[in-house]
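Q: Mind having a look at this structure? Questions to follow.
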């Protein structure tokens, strides 16, 4: 089995884009049909990229710190630099960050993107199911994160193909030791504190998938040598997600 390597957007994610993913392995093309590649432009006119995932035909879930201008979502992609017949590129009609999102502390880091048109469901494009309100993950559970980005710390270019890595759910105390703002109520701690392999600038907004359900959203970390990282806990925000998808 290949080693579990860095895949997350976790180094300074609230001030950076999602250009880098370290390690992991390339997945079978279109085997993660819920994955979304989000393009946008920041206030300085620079292109920014984030991950996300389809939760309904016209809604994508991502991280609130990914909010920018001129946002578009690409669904059904494996190679984001190729013009694949499976790809569906849809502009974002409205970005809905959580009203209590705190950029400085990285709390309530979750956002819904209302698409201008509904995605067409195909083998390469399908929503990812959300967990039930009483569902929980526990320390030791193995989950996965996927995204596009660099395959090594020294790489100068990002991988165009979708990659994935496995992470282990950690005790909340592991993240609380690193970040005083960490909340076990609204966040999940995942990685492997025994390995210098996880947090690094990469795919913000992508899903933490456990048992084929979206339990978390990639939020933040500390640097390229410290793990674990922090994920927004989807279960806590289910009422907010449901309410906003019904309103629009």
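Residue 1 is the first one shown; counting continues down the chain.
Heads up, the Cβ atoms here are built off N, Cα and C, so glycines get one too.
As annotated in Swiss-Prot:
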SIGNAL    1-18  signal peptide
DOMAIN    21-246  domain 'Peptidase S1'
DISULFID  50-66  disulfide bond
ACT_SITE  65  active site, charge relay system
CARBOHYD  68  N-linked glycosylation site
ACT_SITE  109  active site, charge relay system
DISULFID  143-210  disulfide bond
CARBOHYD  154  N-linked glycosylation site
DISULFID  175-189  disulfide bond
ACT_SITE  204  active site, charge relay system
CARBOHYD  223  N-linked glycosylation site
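Mind mapping these onto the model and telling me what they sit next to?
A: The Cβ neighbour count for residue 65 (active site, charge relay system), using a 10 Å radius over every protein chain in view, is 25.
For residue 68 (N-linked glycosylation site), the same-chain residues 6+ apart in sequence whose C-beta sits under 8 angstroms from its C-beta are 40, 41, 42, 43, 48.
Secondary structure at residue 109 (active site, charge relay system), as computed by DSSP, is coil.
Residue 210 (disulfide bond) carries a strand DSSP state (E or B). Its own atom aside, the Cβ of residue 210 (disulfide bond) has 22 Cβ atoms within 10 angstroms in the protein chains shown.
Taking a C-beta cut-off of under 8 Å and a sequence gap of six or more, residue 175 (disulfide bond) has these contacts in its own chain: 182, 187, 189, 228, 229, 230.
Within 10 Å of the Cβ of residue 204 (active site, charge relay system) there are 30 other Cβ atoms, across all protein chains.
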Q: Just going by other Cβ atoms within 10 Å, which of the disulfide-bonded residues 50, 66, 143, 189 has the emptiest spot?
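A: Counting other Cβ atoms within 10 Å of each of the disulfide-bonded residues 50, 66, 143, 189 gives the minimum at 143.
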Q: Do any of 50, 143, 210 (disulfide-bonded residues) have a CA within 10 A of residue 204 (active site, charge relay system), and if so which?
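A: Those near residue 204 (active site, charge relay system) - Cα within 10 Å - are 50, in sequence order.
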Q: Please report the distance from the Cα of residue 109 (active site, charge relay system) to the Cα of residue 210 (disulfide bond), rounded to the nearest angstrom.
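A: Answer for this pair: 19 Å between alpha carbons.
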Q: What's the CA to CA span in angstrom from residue 50 (disulfide bond) over to residue 65 (active site, charge relay system)?
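A: With the alpha carbons as reference points, the distance is 9 Å.
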Q: Between residue 210 (disulfide bond) and residue 66 (disulfide bond), what is the CA-CA distance rounded to a whole number of Å?
A: 23
Q: Pop the Cα-Cα gap between residue 143 (disulfide bond) and residue 66 (disulfide bond) into the table, whole Å please.
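A: Residue 143 (disulfide bond) has its Cα 23 Å from the Cα of residue 66 (disulfide bond).
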